[in-house]
Amino acid sequence: MSLSRKAVLTLAGNRAVTSLVSKYGMKWGAARFVAGETLDQTIETVKKINADGLLVTLDHLGESVSNREEALEATQAALDIFDAIEESGVISNVSVKLTQLGLDIDKDFCLENMDRITAKAKEKNNFVRIDMEDSPRLQVTIDIFNTLVDKYGKEHIGLVIQSYLYRSENDVLALGKKNVNLRIVKGAYKEPAEVAFPNKKDVDDNYVKLVKLHLQNGCYTAIATHDETIINLLKDWLKEKQIPDNLYEFQMLYGVRNELQRQLVREGYKVRVYTPYGKDWYPYFTRRIAERPANALFVLKSFFQK
Ligand code: FDA
């Protein structure tokens, strides 16, 4: 992990910084990465994104809840998204984080909540993806995912794998045997060198390797990166290997590389925008700053423009 990314993530955990940014951050610039505070507002934004030919995955922000009530509220929020998608007719699926659904409180309780969400995804003929969080939660996340794939099938639920982890190649191989839908990302958390490649080049190389591996195993792959070098390299490879269009999509974050998102659509690729909303945007926002500290300048600039 680069020094600046580590520094931003450490600073973001500082209490004084947390309270200051939580109070003023949305005004200062979090709105660039967060579509809105309410679902209604956000559905209007999704309509505009869809109008540009992009698909969406909606994420009700929140993670690491500390009591059952909050986890049940978060579960309800995810269930509500499926209804809002159906009622509004927007083209979107849903992404969730297990710590938001009570993973740190009780694994079985979290599984019950995720089970309700997966059942709803199936009922609405839609799809839910479990985001991947930090490495201590990885195995339990895979276990919950596998339980639900066995119960509901692979059409309505997917998972995320992070290329910065040494173990991910084995995970992709194992999950490939179930032919499941994976989103491959580089990884956004602060991880020690015991579990994750410290050098960016290794993370990037592993990224390309994992995408190719999953696709060559005939499994649906969401190529989630803003890295243009990697995107171009994979575009050539997809053509060369004649990988069918219905086996993959590109994904990017709301507010990041907007022009590239639209360019890929113009070239005929399927592109989905990960669109977060809600009041609990602070941890998500700080990870976006950590990925690109230049974003902090953007935030400061929007502060002075007020
Ligand atoms: P990299 O960080 O190398 O950036 C490549 C280029 O992209 C940069 O040079 C810059 O131009 C641009 N860029 C990247 N990040 C930017 C930013 N924040 N602002 C502006 N420009 C930026 N992680 C995780 O651990 N678990 C998860 O479940 C997910 N889910 C997820 C979904 C989707 C759709 C995406 C796109 C990403 C995630 N991530 C994630 C985050 C992921 O792990 C990673 O941190 C970011 O995507 C940044 O890495 P890149 O692949 O874009 O490359």
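Note that Cβ sites are derived from N, Cα and C of the backbone, with glycine treated the same way.
Annotation comment: TrEMBL describes 43-299 as domain 'Proline dehydrogenase'.
The substrate binding site annotation in TrEMBL covers Lys97, Arg287, Arg288. According to DSSP, Arg287 (substrate binding site) sits within a helical segment.
The local packing around Met132 (FAD binding site), expressed as other Cβ atoms within 10 Å of its Cβ over all shown chains, amounts to 26. Look at TrEMBL and you will find Met132, Gln162, Lys186, Gly187, Ala188, Lys200, Thr225, His226 tagged as FAD binding site.
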State which of the following binding-site residues has the fewest other Cβ atoms within 10 Å around its Cβ: Lys200, His226, Arg287.
Lys200
One should report the C-alpha separation between Gln162 (FAD binding site) and Lys97 (substrate binding site), rounded to whole angstrom, as 14
Just to verify: the residue among Gln162, Thr225 with the fewest other Cβ atoms within 10 Å, which of the binding-site residues is it?
Thr225
Quick one: what's DSSP say for Lys200 (FAD binding site), helix, strand or coil?
helix
About how far apart, in whole Å, are the alpha carbons (Cα) of Arg288 (substrate binding site) and Thr225 (FAD binding site)?
13
Check the Cα-Cα distances from Arg287 (substrate binding site) to the binding-site residues Met132, Gly187, Lys200, Thr225, His226 and tell me which is shortest.
Gly187
Including all protein chains displayed, how many Cβ atoms other than that of Lys97 (substrate binding site) lie within 10 Å of its Cβ?
25
